[in-house]
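Participant: Shown below is the structure under consideration.
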Amino acid sequence: MHQPCANGAPPPVHLNGDAIARNGDLPPPGPRMGQTDQEIVRLIGQHLVSIGLERSAALLMEESGLHLEHPAAATFRQHVLAGDWVKADHDLRALHDLLRDSPNVDPHNLAEMKFVVLEQKYLEHLEAGRVLDALHVLRNELTPLQHDTPRVHRLSALMMCADAAELHARAAWPGAGPRSRAAVLARVQAVLPPALMMAPGRLRALLAQAAAQQAARCRFHAAPRPAPPPPAALGAAPPPADHHIPFTLLADHQCSADNFPIHSLQVLNEHCDEVWYCKWSPDGTKLASGSKDNTVMIWDFDPAAKRLSFRKSLEGHTYGVSYLAWSPDGRYLIAAGPENCPDLWIWNMETEQLHQKMTQSQEDSLTAVAWHAGSDKFVCGGGSGQFYHCGLDGVVINSWDGVRVNALACRADGRTVLAADTHHRVRAYDFSDLTDRNLIQEEHAVMAMTLNANDTLLLLNVANQGVHLWDIRARALVRRFRGLSQGHFTIHACFGGAHQDFIASGSEDNKVYIWHINGEEPIAVITGHTRCVNAVAWNPVHHDIIVSASDDYSLRLWGPRDPRDPRDPRDPRDPRDPRP
């Protein structure tokens, strides 16, 4: 590949941030620039080459007097991508000579550079059927390095492969070509100073990092954050335009509140009594709502129209429905009642029929439920001292006596269950070996609990306190969110947004509060309900949609502002909203 250079002059070598003249090299021509400006020019030049503007890159390098890479690195790249391993080995020796005097380069890394090149050479010989050549590389080049002997033994075993397909499978190697050779370059670049050889797509990667940071700081960014571009060899086709940065780079990113779920889209009044709970299915296509009217209502969500439509009413619950839990695979829904309700209803959501009604004892009070990740087991409990580990058929596998439970959550390990008990604690229980330990101690009763998708943060609704965020790895209180009204009613909060950067909660003052996870003050306070808001559910797939359930007998759907709505976008929110 053509490598833009300035008048054929050798480049300056910068190792560890120091400009060092080697072998009598003269300072580069062109305007004098600081190191940062030089690196910016090189980044721009590399990007121009990656999008096919090689003449523009050559002119930039000529005028600046800089090089994209050291000539030894440039020729090494060219020979690796061409599969010319004799010349690549010669280039590698030149790079070693440049690096030996650098105190921050580990000799082990120099051996690793040599090893990965010879490894690729060996595999390409084997793939092409040149067994003797491969054996020569193994015996006379790889083995004398005395580097990573177990890896050499694994490579030697590949000599027995019957064909190329078996070689690819056993070596987890895609075969000779641009992909595997680019991987060799990437592994060499991992130990080379960037002044000698820049990682491919470096400018794109830096911009993606900056964009991700801006998105993370944006108070209304609920969509997925930009991801870094996939690695690509220099000169390879670049990723599609705007592949990883979905917003302009020409100004600092800030989402409009018009796209945030604080605008009233729909009011659903089909329940005929207080609505105690609501929960989206894992795929975000259905909503389940539970009410004091003894029904569970299932709703279909249309993401294009951003509307909910009534689908079915699941009836027969005799105590009201105060909690709902979808299985992680979305096939089952468990409905639990309020205090003193001894029954659980397990609904098959594929047939929309009752799968099992579970009643262990009429003395039970089963108000809390949580599924294990495999969707084949769940735990349940309540304030009367029952704590059961159950199979999908409702049969109790194991139990823990005397644990009075207000809320439950299952961790990702498939074993640990978190239980908020009536002693203001959250304890971790392992039903496999019947061990338990204290995790969190609050000063007041924990009324509800939610675990985030990464299994690292726990959201607690605490009586007379509000919403608390805990880091369960550090067992540390991260944040107390302010603003909402929480007495002794059971109010449910939730995580929301593509990266769960937001917290939403109901409140006894009839409002919905939303916070960014990094701040204690609400970023939005939504009004519309006329009585206590018991639960808020953020759609796990469509991140601009939330639903709230209230004692005013209604569900409310909140989403982005409808462009056809002439109202001021602040209308649905509280006048105390701190957003400027």
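Backbone N, Cα and C define each Cβ position, glycine as well.
Not measured: the values here are computed from a predicted model.
From TrEMBL, here are the annotated features:
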- 1-35: region 'Disordered' (REGION)
- 69-133: domain 'CTLH' (DOMAIN)
- 268-309: repeat 'WD' (REPEAT)
- 314-345: repeat 'WD' (REPEAT)
- 502-525: repeat 'WD' (REPEAT)
- 526-558: repeat 'WD' (REPEAT)
- 558-580: region 'Disordered' (REGION)
- 559-580: compositional bias 'Basic and acidic residues' (COMPBIAS)
Participant: State the non-local partners of the repeat 'WD' (268-309) in its own chain: residues 6+ outside its ends, Cβ under 8 Å from one of its Cβ atoms.
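Facilitator: For the repeat 'WD' (268-309), the far contacts come to 315-326, 328-330, 333, 335, 338, 345, 347, 349, 352, 490, 492, 531, 534-542, 545, 547-557, 559-560.
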Participant: Taking a Cβ cut-off under 8 Å, which residues six or more beyond the ends of the repeat 'WD' (314-345) line up next to it in the same chain?
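Facilitator: Hits for the repeat 'WD' (314-345): 273, 276-283, 288-298, 352, 354-371, 373-375, 378, 380, 382-384, 392, 394, 490.
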Participant: As a quick check of your reading of DSSP, tell me how many residues in the repeat 'WD' (526-558) are helical, how many are strand and how many are coil.
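Facilitator: Secondary-structure breakdown of the repeat 'WD' (526-558): 0 helix, 16 strand, 17 coil.
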Participant: In the repeat 'WD' (502-525), how many residues does DSSP assign to helix, to strand and to coil?
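Facilitator: Split by secondary structure, the repeat 'WD' (502-525) comes out as 0 helix, 11 strand, 13 coil.
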